[in-house]
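Annotated topological domain 'Cytoplasmic' per Swiss-Prot: 1-462, 534-541, 591-596, 646-708, 767-772, 826-839, 895-929, in sequence order, evidence recorded as sequence analysis. According to Swiss-Prot, the feature compositional bias 'Basic and acidic residues' maps to 41-59. Swiss-Prot lists SER320, SER321, SER322, SER392, SER394, SER917, SER918 with the feature phosphoserine. Residues or ranges marked as topological domain 'Extracellular' in Swiss-Prot: 484-512, 563-569, 618-624, 730-745, 794-804, 861-873. According to Swiss-Prot, the feature N-linked glycosylation site maps to ASN500, an assignment based on sequence analysis.
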Amino acid sequence: MSGRDNRAAGAGGGSGGGGGGGGGGGNHHHHHQPLSNAMGKLKEKLTRAGEELGYHRVESNLSASNTATSLDTILPEDPFPFPQAAPQRHPQQQFPFLQQQPQQQQQPQQQQQPQQQQQLQQHHTQHTQYQQQQQQQQPLRLLHDIDDEQPLSFRPLLEDDDIHEPPQEIQQQQLQQQRGNLRASGSLELTPLPPPPTSLEPHRDRQQRSVVNEELQRSKQSLKGSRVSFERAPQQSNSNNNSKNNSKTTVAADASDDDSFEDRRVGYQQQKATSVDHKGILKDLRHILASDNRRQFQAKKHVSLDIKGTPFLQDLLKDSSSEEEFHKTRREFQGRKHQSLDPRVTFKLDKVLHGSSTDSDEEGEDAEHKRLIHRPKDITKPVIIDLKDLESESDEDFLSSRQNFQQQRSISTDSRKSRRLYEMDEMGNKRGENIRHAVPFVRQITEDGKPKLEVYRPTTNPIYIWTQVLAALSVSLGSLVVGFSSAYTSPALVSMTDRNLTSFDVSTEDASWVGGIMPLAGLAGGIAGGPLIEYLGRRNTILATAVPFIISWLLIACAVNVPMVLSGRFLAGFCVGIASLSLPVYLGETVQPEVRGTLGLLPTAFGNIGILLCFIAGTYMDWSMLAFLGGALPVPFLILMFLIPETPRWYVSRGREERARKALVWLRGVEADVEPELKGLMRSQADADRQATHNTMLELLKRSNLKPLSISLGLMFFQQLSGINAVIFYTVQIFKDAGSTLDGNVCTIIVGTVNFIATFIGILLIDRAGRKILLYVSNIAMILTLFVLGGFFYCKANGMDVSNVGLLPLCCFVVYILGFSLGFGPIPWLMMGEILPAKIRGSAASVATAFNWTCTFVVTKSFLDMIKLIGAHGAFWLFGVICCIGMFFVIFCVPETQGKTLEDIERKMMGRVRRMSSVANIKPLSFNM
């Protein structure tokens, strides 16, 4: 029967159930005359055909349908997932004596005729008895129906961030009280309920029903936008009621299957998805994305995900005057959204997960497990990404943070003991397992919104350190040669200008050019090194400098005149310029981020070893023998360079994917999974190729590339204008002018030793303290010592007695070298290989290196002239003022690159926006809309 037929039968045959099957219409003939006429014709036809029993069966079905009410006639379609109504009893279950009737009707007509009258009388008697029994047990049957078909109950509604249970209906309480009294008495003699509505009661017409439906619709519309869940009230078993045991056995089994954990969780996700998109805005996001209007998409998405009444964000986004303000507003909203989606406010997971069939007995007895389920706020806290505090706006950090937040919220909906969220907090105790744990990437916030704890990224691959150390050691031997070449002039010029030790005459001007030509040649080498590392590769370019180094030192050692010495110094300076450019680039592209700072400082440390070696050897050797020693140093450097591979990034830039994979396997270890890193390199290279132009100079002048290039140039400028090379080149002369009682060569050895020790201290601290902290310490140390040195030379120039503080210059030099070697010595070269974008890394590094050697040449060449012009005190004070300016440059311009991948650094430096595909996938939880 349809819903309309049910209503007709319920109105027309209301008294038929109590009065028997004779007159189905009763007193309602004036309301349902067509039904009465049809029933009369049907009775006439069946009686004439000898099938009066069939008429009784039809009339009984109509009587049974009086109490059958479909859910569709009460509540129309609604997007909320209502539970299904209890299954209706089949008429044959109410009339068991009619179940065999179809077989009897299939018998031949001639066999049925002799028994027909007897069967009619027997069935008529049974039917009359059944109707009388049905009338007596009608109140009990109605109560059973109420108990079986439990009324729908609304889940708790959100009101001012609190959860309140709606009050129970008075009628429902009365029914529960009556049921309790019946069960307590255990008697079947029950007081009959009032009969069904009769014709004296006004019939509810279509208009009245439509009014009720409209009220229901309005009430449901008011519920939209809130997190509402519909479920049945808890089932109450009645073991004393034997009349319903057989009918409820199958229903209870089905209910246990339907109430399984997975079904509850899926239903919970569907309800959550429906409640989140309460304004229906997500359906037009595809059209918005097609028009590439990112701000409009963000505004729409935020409003659609806003469930706590913060529509003011849309106006904030419209009023954003700049991109930075827009990002700030969006980050603030993310925090609000994550807090609004926090289970401690919007979910009551204990009710959703109550009665889960997958929970074991062991879990049920676990007090901690129960506490976590019944108090979701103890399971998780909202996790937001404070990109400003972390100094990172990279796509990778954002996605990683979002995935971590989604994972935590997903686990909070899962009551299974094996993946409880509170066990994830033990990650903080495993920080010692790997250096990677020292990289903070998200912060948990407390209820007041202030950062309190740090969460650490779990390790994915073990750091296979030995191959990376071998690679760093191989290229660092080249830096040893560079340091030896830089310090050569300080001890060599003393013996070279001695006519007794030299077969040719060296004037003061020639000596000035011997010391100053190498920085000038380094400028040329830095310019040429950029294209070389792009076309030949990083490793091949470094390898190509070994043989010219040997030739340059042989030219100096075998020189018979000044031009041969200058030629050898120029060739050595050219190789120094190329090596100083390519060494940090190679290490930056081969070493993992966790140890890039430590291994990245090895070239600087070996360079200082070369300086110290040159100072010590210069004490016992003349300039010619010292040059032969310098020619022997590139030999082990040449041998070790054949053992290491090219950088994977350069292979990817040339389309050699298989060679890049082999290089990564060699660097990371055979057991390491290199595919994610390789895919990241290929994706980064693809992005660089899309944005690259054929004109290299135009690439350098792009706004997105100017920022990292300017930072690199600024670091190089303040490194050289701090006066370090002037101090190194003229250490002996400075100590003579200061009137020190120590031998000049001894002072030089002391300075070199301090430089070497300070560099290794920096190696230990750079991946723990960070780049900027070391730059701050370095600046402060240099500023103090330069001003003190200036004061010392000022007092000496004005005739004051400084003999009592004769060791002051040495102490100041030691502190100055210590501060420089901690920060401004190695970090500018290290950060040059980190912050420059991949597509311009070669050309930009060439410009930065050339600029560095230009500053070196200017400072070295003009230092003696500067002393003559403004005095030694004026020169040191000038360097101190420049270091003060450098401090502000570091504070406001230099980013922190500690623990970040090159891709993360590049995205932040270039200010690259997030891809629309990744933005579109940002949802509160990973469910299907």
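Any Cβ shown, glycine's included, is placed from N, Cα and C.
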Same-chain residues at least 6 beyond the ends of the topological domain 'Extracellular' (563-569) whose Cβ lies under 8 Å from its Cβ atoms:
496, 513-514, 517-518, 521, 552-556, 627
Within the same chain, where does the topological domain 'Cytoplasmic' (534-541) have neighbours whose Cβ lies under 8 angstroms from its own Cβ atoms, ignoring anything closer than 6 residues to its ends? I mean 6 or more beyond.
578, 582, 585-586, 589, 641, 644-647, 650, 842-843
Counting each residue once, how many in the topological domain 'Extracellular' (861-873) are helix, strand and coil under DSSP?
13 helix, 0 strand, 0 coil
How many helix, strand and coil residues does the topological domain 'Extracellular' (563-569) contain under DSSP?
7 helix, 0 strand, 0 coil
Averaged over the topological domain 'Cytoplasmic' (591-596), what pLDDT does the predicted model reach?
80
Give the residue counts of the topological domain 'Cytoplasmic' (826-839) per reduced DSSP state, in the order helix, strand, coil.
11 helix, 0 strand, 3 coil
Residue distribution over DSSP helix, strand and coil in the topological domain 'Cytoplasmic' (534-541):
6 helix, 0 strand, 2 coil
Tally of DSSP helical, extended and coil residues in the topological domain 'Cytoplasmic' (767-772):
5 helix, 0 strand, 1 coil
